[in-house]
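Right, one structure below, let's go through it.
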Amino acid sequence: MEDPIDTAMAVFSDQYLSSNDSLLFNITPTHFPPLPPIIDQTISITTIVILFITMVSLGCTMEVPKIKAHILKPKGVAIAVVAQFGVMPLTAFSLAKVLQLGPVEAVVVLICGCCPGGSLSNILALSLKGDMNLSIVMTTCSTVLALGMMPLLLYLYCQGFSNLESAVPYAGITLALVMTLFPCGIGILINYYRPQYSKTITKVGLSLLLMATVVIGLLAGMTIGGMDLTLTLLSPPLMATAALMPLIGYTFGYVLSYLFKLNGSGRRTISMETGCQNIQLCSTILKVAFPPDVIGPLYLFPMIYIVFQVGEALLLIVLFRVHRRFFKTPKTEKQVYDTVDGNQIHISSV
């Protein structure tokens with residue numbers, strides 16, 4: 001059986017790209033210089049450790065009784081799953097086509113679009129006064145369903161790019177997804193048996209994620225070279241993709257839940273869950289499953305994505321808070337009466 005990594009190398013190699021006329025995009029082959037071994041190993045280990053900590057933190061937010069309650073009434077979860085695995089992969093595929101991304105960039109964007117939701121969506125949903133039970137259950141379900149849905153969606157959408165379907169390391173991606181369930185299970189057990197530690201672990205996990213993102217970015221910038229990093233990651237097509245993907249996810253997640261008549265908190269929750277991807281999982285897959293000279297600095301694309309993901313979410317949160325403050329519908333006054341000698345006497349209104 002042909003090694004998928006070798007296939008990826010063949011499809012993305014300079015010789016293949018320059019000689020294969022069946023590729024849809026007219027691209028200029030780029031050689032990514034290899035990272036020093038110690039730096040490459042440091043970044044790989046860091047991404048894996050951070051993914052482990054993040055998934056433990058995610059598990060600490062999950063409560064079995066709440067998950068059961070939403071499974072028994074699955075309308076919200078069903079809409080959320082359709083939005084997560086319907087809207088985002090289609091968005092990634094469409095943007096890759098419209099913006100004419102090269103093969104490597106297209107695979108990176110597709111993997112990002114097919115990833116399940118992340119723990120950050122729970123925080124954003126909370127800031128929007130969303131349904132936290134639905135948010136947590138949706139993140140749980142998308143994480144589990146990604147085991148089958150992510151490889152399947154990648155295979156289906158890669159059919160739209162010539163010879164790209166055989167370049168994706170499906171075995172490596174599936175293994176990475178399976179490995180995420182173990183730390184997630186640890187988090188669930190901690191939340192069940194030692195719930196007093198859950199909030200602390202979640203906060204520590206988020207703090208470590210932010211610090212690790214900065215460290216990985218600095219290491220990559222120093223070793224790859226500022227110019228190569230800038231030309232690759234900050235190219236207009238990739239920047240436009242990173243900006244449009246979460247925005248489209250937020251918008252269509254809200255519209256879809258509105259069409260199915262969910263309440264306001266449910267709509268806001270599904271909006272955040274749809275637009276927020278698990279960027280830690282995406283970075284780990286890109287860094288570990290692809291050879292360094294194939295993926296180059298593109299494993300940092302999820303970090304560009306998260307900047308727009310958080311920035312656009314914060315803008316929506318600000319607009320939501322402003323709307324609630326200045327345009328909130330006043331409550332109907334309720335008259336309070338007291339009885340004195342059989343006569344109703346008006347006391348006050350609340």
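Don't overthink the numbers, they just go from 1 along the chain as shown.
Using the three backbone atoms N, Cα and C, a Cβ is placed for every residue, glycine included.
Record features, source TrEMBL:
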- 43-64: transmembrane segment (TRANSMEM)
- 76-95: transmembrane segment (TRANSMEM)
- 107-128: transmembrane segment (TRANSMEM)
- 135-157: transmembrane segment (TRANSMEM)
- 169-192: transmembrane segment (TRANSMEM)
- 204-226: transmembrane segment (TRANSMEM)
- 238-260: transmembrane segment (TRANSMEM)
- 302-322: transmembrane segment (TRANSMEM)
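Between the transmembrane segment (238-260) and the stretches 43-64, 76-95, 135-157, 302-322, Cβ pairs under 8 Å are most numerous for 76-95.
Contact counts against the transmembrane segment (107-128), taken as Cβ pairs under 8 Å, peak for 135-157 among the stretches 76-95, 135-157, 169-192, 302-322.
Beyond its flanks by at least six residues, the transmembrane segment (135-157) meets 58, 61-63, 66-67, 70-71, 76-77, 80-81, 84-85, 89, 92-93, 110-111, 114-119, 121-122, 125-126, 165, 168, 170, 173-174, 177-178, 180-181, 184, 269-270, 272-273, 278 of its own chain at Cβ-Cβ distances under 8 Å. Distant neighbours of the transmembrane segment (169-192): 4-5, 8, 51-53, 55-64, 111, 143-144, 146-147, 150-151, 154-155, 198, 201, 281, 284-285, 288-290; these residues of the same chain sit at least 6 beyond its ends, with a Cβ under 8 Å from one of its Cβ atoms.
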